[in-house]
Structure formats: structure tokens, C-alpha cells
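Okay, structure first, notes after.
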Amino acid sequence: MPSGLMRANTSTELESILDIVQSSGEIAVVFTSPSIGDLETITSETQRRQLRIAGIPRGGYTILPAIPLYDDELLQMCERYTAASEHEKVEIRNSLYMREYPLFAYSMRNQRALFHPADYVSRILQFCFHYVQVPDEDVLSLQDRSPFLHISPVKEICVHLRLIVRGTPAAPDESESPVPEQLHFHAESDAEKLAAERARALSIAASSGGASETEPLSLFTGVAPSALFQKGAVEEVDLDTEETIEDLTGEETVDAVHSFHSEYLTLSGFELVTKASIFYDHEGEGQRVVAVYIPGGVPKETCRAAAAVLELAVTKKNLRAATNGGLPPDTGIVGYYDYLTNPTQHKCRETEFSRRNWGLFSQSESLLKHLDKLYSQLAPTHHHLQRVAIPSQYQLCGTVFSTITVNRNFRTAVHTDKGDFRSGLGVLSVINGEFEGCHLAIKSLKKAFQLKVGDVLLFDTSLEHGNTEVVHPENHWQRTSIVCYLRTGLMSSVCEMERRKHLNRLILQQLLNTEIRHTTVNINEADSSLPPLFVPTRLASQLAPVQLAALGFIVERTNKQSGCVVAMTMGLGKTLVALTLCFSHLHLAPQADILILTPKPIISHWVDEKNKWGMYGLHFPHFVASDGLNSLEFEQQLLEYERQKNNEKPKAGHVFVINSEYLAGFLRRFRRFTPFLIIVDEGHRVAAKGNKLTESLDRLRCNLRVVLSGTPLQNDASELYRLVGWVNKGVSKVLPPKRFQELANSINQFVEGDDGAFYNAVMAQEYIQDWMRGFVFREMENDLPPLHDYLLVCGSSNVQREYEEKLGLTETAMTALRATEHRPHHLSTHPACYLAFISNCYQSMVSGWTVRAQSNTSRLRTTQLEEIDAMRLEQYAQMIENEQLDAFINVSGKMRVLVDIVLRVQARKEKLIIFSLYVGSQDLIHRTLTALRVCTFTVRGRDSQDRRRRAMHEFSENKDLTVLVLSTKIAAYGLEFTAANHVVLFDSWWNPQADAQAIARAYRRNQRKPVTVYRLISATENKFVLRSQTRKIALFKCIFHKRTTRQALPSELEDCSANETDNERRDFWAKLKATHLVGDTRALLNVYRYQESVRESQ
């Protein structure tokens, strides 16, 4: 009997034989018998272990190990191997030992492997090559001798390769139909054969009661359509039936009017323009086009043909009375509209008129295409940006317009158009009528444009404009005009998610009840106007609706050779979105390279995510990342890539995950490196002014740039401008830096407390939001559990107050304090921490607590301790050593409050993360909690990636580990600690986004419990940090939310401890307020809800 085959003949052999196959990689032959079991027993146990089964030899069954590669990956490898030279075959076999096998690791999770998966893959490659080479007359004889020809996907791959190489479709079984062009990798024929034998066995032993059908014997067994997407990711109602659509006619908001009284313009004071012209907002550098006038731009017959249809949309049921002297005018909306503020289920859709009259709309097509052509010729930059931004689903007749406003006999008062795409222009044309006057006047230009039937005006609709008087209105004047534009709301995350759910429903309708056998699925296939978006079939159900929407947004932009910014709240899964995007691009362009830039601490997070989702089919043959753990492997991968670049090896696409500090060296090494796609994680770094990183990336000449950031705006609005300008260079041409800064200044002025700047701030806010909408996918909301965010103002002990006076920490002095001055922070932690810091004798907890008293008594300003200070420091050390912990803790308000929070969390058997900026504070917190016998683990910036991973694992798995102490500025990135549902920010940084990142370590996807955040501030240093934070938060909300916000005044903050709705928390606040420090000051002075530190203006 050949080596590796054995005959089962003992009563306990099935389990032991399968154990041997699984652990040794050898194959085994079994026969049905009372001692082994029937066919159902053999197949079900084999499937449970994910092993393979072949129906040979006659009367028996061959059990094979699980194939450690995905089906399509094995196909690609076999294709390469079959076409390779002998030397290249050796290299391919050697490379098998250098790669990862996540499927193998998963299948062996309960077994110890005695073989390398590369050995098994090598055998399959060699067999496929041999099968391709044998003469036609010998092919069928292999069927009885090779179990590989009875398992999928090896069987299909062999037939496929032979068809390509030899042109003969000789299949293992002549009765089988030819292999389809698109391979379906499953063991259907084997399963049918086995099922038939099993059915015969069951018919003989019918008294056994029957059994369920056998699943297809393949690692990828297919996915039912109902399981393709997760719950909530598929549209629930049929939009094609009129009964399901609410009639919202007239509820569209297209104007922004900022006055209680209608203001009408007259021709006096305006220059009348009658000749073709282009107008700019100012002369000189940085000017932008604001109006293009084209008299006779469209043939009159084309206009009147369109008017016959469009005039039917006009109605007096509308919200535009403010621009018509208080009475509703004759106006209507055609095309698509975003009803984001309406209480309706479907927000983004056709207007009622459009839905009922699409059949007539073809009469307007010629007019729209005429206007679109004029637009592209006379304002090409605006037109291109609008072409990039508009979702294909909302294009009217293939143009860059999504929406048309139709006005009849409507002399508009002064207004601006609300919700138009600000990187584009509105296109105005008169299409019917007999009248005189009623010119369109733009106030800032002091120009009025004569518009007769066929005349066209492209203009910036954010500028205040209105119609001049009608001449001889008593002559029954008639005038029909249209404005064509792109509604920015249609590009919102709400609309993107609605689109995605609709597409998912169409996909499921196409599939009907057919099981999905492909390992990948094009989730955009239902709409031919969309670019393909390939996702691993098993992964599709793991992607949340917001992730699917983000992917759709990105691929539409990259398909139009533009980049974009993905601004999603931390924890919503941006990394998975980016990896899926890489997968789709490599599926379409297998030889393309992708560059991912990420901060060094997050590289390991990318590797972990890649490994985690690999079990769902998200795998990459060449994923090169340096996380500091496998530097040798990283260098070997670079050498392999170098050989490809030198044409020594076949080209294969690589995904490089590197940090920005290494980028320069990488580009020096690979001078011809031309990535197809660049992804920048924590991409707000490319927004820094004069950034060398952007200079390096610009030299790569890659237009497909995707920025990932939960915090795209860190300090001021100019960062956002540089960020959007980096992903699409054309944006700065339509909104020069000077103009953007004027808008940002208007917002800043209001945010910082100037209520008189409210009107200008609103205008600027709306403009910036509409300008960036086409290039920024923003989703700041989430469906996570509740977040309770509190600001706890802690008291100071008499010792702390004494040192505050010594340092001159008055309010006046503190306003001038440099951000780099750490003394107040250490003092608010504990006087011991402060004294140790200024004496320069602090050692970490690894070395223990030591005090080196100075021999001389110098002044405090010399950073040496006075005698009394040295005695105090020694006294504090003794308190810790003698476990006089309450006495030690009560010298600091922050420490007292922190310890009580920790003990409360411990009593509830929950977990807590403590973030601090300073090593001294981290060490003191760790030492104090350890002395209290609270199991605590600390992760700091200098710690290795291995220690961080160990911390994540321990914190998740060890029930006794209650507290993690983390460095805010380092450990706040790339780590997930959803085991914790309490977060303490022991001190805060000037940038609120650093704190937001820290909170997101616990408050993120996969968090199942409500999360409570405690921000501890002292009465000294932290309130100035808080003022800086609230200003920036107000700015962020102004720009990324439709909220005009400002800093709350101190008098507006209300202590919420007494009206706390949670009884247990209310009692806890009362207990803290009743606790006194040394010197009889309360440990807790006030409790505020953090969100109330920023106020919305109504």
C-alpha cells in the first residue's frame, strides 16, 4: 500500500484517522462499516473538521486535509506555476514558506500541526502542472488514481488550466458538461455523487428515521442571498410602487433668506450686461469665476420644447413665499431632491412631479445637454468638479445636473440658493415667455444680466441675487426660467446609505434563490452606471451600512480619477473600509501597487485587521507591513518586490503599509514606485502647513488619494482646506485660499463669542459644507450604545493651594502659561508628583519610589527642593510604603475622585481605561492603584508593539484585570479596548481630538454597553485647556454638522449632579461632593455634562 494510505479496521479509528489527517497532512482511505460508521457519519464528521472527501477507491472514500488557500488565490498560484520555468517553479515553491496561511491557522485551531501548509500546497501545484502535461488519452485514467480530481477547487482548476494551455477540455468525467467561463469553485458533482450513495443507503435502512441533506463539500460552500448582507443593509420597501412614496411636493427648501422683509432690486444702481462676458470676484491673484453670461446660448425652439414639459411642474404649493413678498409664487422642482429635514422614510429621491412624469422628460433632454455643453466649455474646472462629485444615480440625462428649479412669472426678491454644490455653478436660462425687464441682478457685482428666451447665465448661487422690476407688468407678461444645479444633500452619508440599501435589494432580486458560489461579489452590479466594487462574499454580511456607503462614495470618486476624504467617527471601521477598497482595486488590477501611510503605532492594527478579516475572504497575496515584530520578513518582502521591479520576476500587486518617517527611505530605494492608490490613515497630518510629507506624496503623481480621519479638523478650518485641496487639486481653483480664509474667519469670530457675527458665520458655514460635500464623506453619528460624558471639577487640598500660590498660578498668570509647561499638571496629579518632577529625581515604577533630598536648601526656582519639600516627599513615600493610602490620596482632589471612580467600577465588575499625558502621572496612578490591590496594567509611548498587543489580549481575557493606564498621545491610536465601558481622562490636551481618539478606544464598533467618560479638571490649569478645547469643538461642529455653535459662557454651565437621571450616579456624585481633602476642601466641586460646554444657536 502506498505511503500515506491506510485501511481503517478498528472500532475507534474514524476519530483517530481524521486526527491524523488533520495534524499530519497525510491522506487516508476509509470504508463504511459498523466500526467506522455509515456514509453520513463519515461525511458529516469530515465536513465538521473542514477536511475534504473524494469518492475513490471503489467502495471507499479518501479523506484529504483542508486546502490552506482561498479558491481564487489557489487558481492564481496554479496559473503562475503552470506557466513558470523550472527555475521560477523552485522560487514559487520556496516562496510558499514565506507567506501566511490564515485558513490553515483557523482549521488547526484545536490541533497541533505536524506539517507545514506549504508542503501541501506544493503537492497541489505539482499535480496541476502534471495534469496539464499528460496526453489526452491518459487523462481519464487519472480519475481512478488521484483523489485531487474529486475535490474542489482542484478539479475545476485542472480542467481550466488544461483548456487554456492545451486547448482541450478533457474533464475527469466525460459525462460532465464543459467548465463554464466563470468558474464556480464548489464540489457539486462530488457532493451529488456522495448524496446519491447516501440516499441509497438511507433507502435500505429507512427505519433509521432519515437525515438532512449533505452540504456541498467545499471550504467555500456558498452563501444564501438572504445572508449576503447584514440586517439593516437592505432596503425594506419597494420604491417602484407609488403607494410607498409620500408626496412631498412643495416641501423643498431652495432659498436662504436672512431678512424678515423681502428686498427687491431695481435696475438703477446696476450696470446692464447684454454681451457675452465672464466676471470674477476681484482682480489679480486668487480671483475666481462668479458669472459667465451667454446671450442666445440655446436655440429658442429647444427651450420652448422643454418648457412644454417643465412648466407642468409649477405649483403654488411651495415654501418660497419669503422671496415673493409673502405669497407663494408659481414654482416647482424637477429631478432629484434631498428631503433631509423632512420626517419621511426616504430622504433622497425623485420629486413627486418627476416620478409621475419621467416618460415626458425626454423632451427636456436636448435642453439639458445643451446647457451641460456650454457649462463644460465656458467653466471647465467647475464642470469637472461637479462631474466628479455627482452620484451617477442622480444625473439628469447624463449631465452634471441633479435638480431643476422652474419659475413662472416669479420676480424673486434678494436671496441666495440653499444647498447648491459650491465647487460648481448654477445654470440659469429663460425658456419661454414674452416680457421686458426682470433682469437677474447680482448685488456684489453690481451687474444685472438681460435674460431673454435662450439666454444663459452660469453663476455662483451663493451670492445674493434677485430680479429687477418687470417693465409694463400690466401687459400680462409671461416668463418661465429654470436653474439647473447639483444638490449637495444628495451626496450626504444619509443618501449614500439609502442608495446602498436600494442597490443591495436589487442585487438580491437578481439572485432570487440562487446560492452565491463565487468567492467575490460585485455589489455594484445592479447598476451599470456604477464602477465595479468587488467584496469577498463572506465579508459582505460583516460590513455595516455606513461602511458600504463609504465604499460606494470612494469608488465613484476614484473611478473619476479623484480622491476623497473619509471623515467617520472613530470606531466606525475606517480600516476595514480601506482594506476592502484595496481588495476591490487589486481584484480589478492585480498588478497595481497600493501605498498605505499610517502612524507607526497603528501599523500593527492594520496587520491585525488584515488577519482578522482574512477569515472572511479579505486576503492579499502581497501585504507588506513593518510593525517592528518581523523586520526580517519585511526586508525579504522588499527584496522580492525589488526583483519584480527589476523584471526578474512576474509583476504582482503589493499593498505597502508604512509610516511616514520611512517613506523618504522607501522612495529612495524604489525610485520607480508608482502606486495606483494612496491611502493616508489619520490623514489630518497631510493638512499641516508646509508639510514635507505632502511634497513627497505629490511627486508620486497618483490622483487616487483617500484620506481616513475621524478628526479631519484639528485646530483651525485652514487644515480642512488643505486636506480637501490635496485629494483634489481643482478645488482650490474654484475657492482660492484667501476666500476660504475669509469664510473661516467669520466662523471663528462667532465661535469665540462674538454674537454679532452670527449671520456671517451661518453663511460661511453653509458655504463650506456645500463646497466640501462632493469630496468628503462625513458620518459623525453612530448607532453605538449611549455615551455619558461628564466634566468633573476637582478641588485642591491645602498643600496644592500652597504650591499654587508659590507658583503664581493665578488666572492672569495662567492665561500666559505656555502649553509646554508641565508643572501645574503634575501638581494637580499630586504634590508628590510635582515635587519629584521639579527635583529631577523621579524614577518610574520599575525602579521603585526613591527620594534624593538635596544637601543644600536652594530656592524653588532652581528646581531643587527646600528642606520642607524634601520632608514632604519623604513623608508621601512613607505613606505609600506603610499603606496609609487614604491619607496619601486625600492630598489631591483628582486622585481622590479617580480612586473612588475605580473602586466603583471594580465593585460593578466592569473595566476602566485611564488616559494621562504625563509619565509621572501614569506611574503614580499605577502605583497607587496597585497599593489598593486593584489589578492594573500600564501601556506607554515607549512600549513595544508586542507589549501593546499583550495588553489588549490580557485586558479582554483576564477578568481580574480592571484598569488600564494608557498614554493619551500614543496609546490613543490603533488600539481597541471595548472590554472597558468606563474612560477617565485624567488630564486634557489643547486639541480636543486627542481626547476624542482616546475615548474611541472603548466607544467604538463592537461596544455593547453604555460608556461613561469622566474628564477630570482642576481649578487651576485645566480650565484654560478646556477653553481651547471648546472653541475647537464648536468650530468642528460648525463645519462638520449643520449646527452653528459657540463656546458656552461660564454662567451658562449648570451643575447636573442634583438632576442626574441615573439614581446610582446621582448618589455617587453626592458622595464625592461630601468627601473632603486635607484642608477641608471638597474633592468634587462641580459636575457638568461635557456636551453643554458648546452651545447651539437657534
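Just so it is clear, glycine is given a Cβ too, placed from its N, Cα and C backbone atoms.
From a predicted model like this one, the values you see are computed outputs, not experimental measurements.
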Original post:
Of the candidates H465, H472, H476, which does Swiss-Prot annotate as part of the Fe cation site that also includes H415, D417?
Top reply: H465
**OP:** Among 249-252, 341-344, 681-684, find the range that Swiss-Prot records as motif 'DEAH box'.
**Re:** 681-684
**OP:** Quick one: among the binding-site residues H415, H465, which has the most Cβ atoms sitting within 10 Å of its own Cβ?
**Re:** H465
Subject >> Same-chain residues at least 6 apart in sequence whose Cβ lies under 8 Å from D417 (Fe cation binding site) >> reply: V254, D255, A256, G426, T461, S462, V483, Y485
Original post:
Whose Cβ lies within 8 Å of the mean position of the Cβ atoms of H415, D417, H465, the Fe cation site, other than those residues?
Top reply: D255, A256, T323, T412, V414, T416, T461, L463, E464, G466
Subject >> Secondary structure tally of the motif 'DEAH box' (681-684) (DSSP, helix then strand then coil) >> reply: 2 helix, 0 strand, 2 coil
Original post:
Can you tell me the three-state DSSP label for H415 (Fe cation binding site)?
Top reply: strand
Original post:
So what's the average pLDDT for the motif 'DEAH box' (681-684)?
Top reply: 80
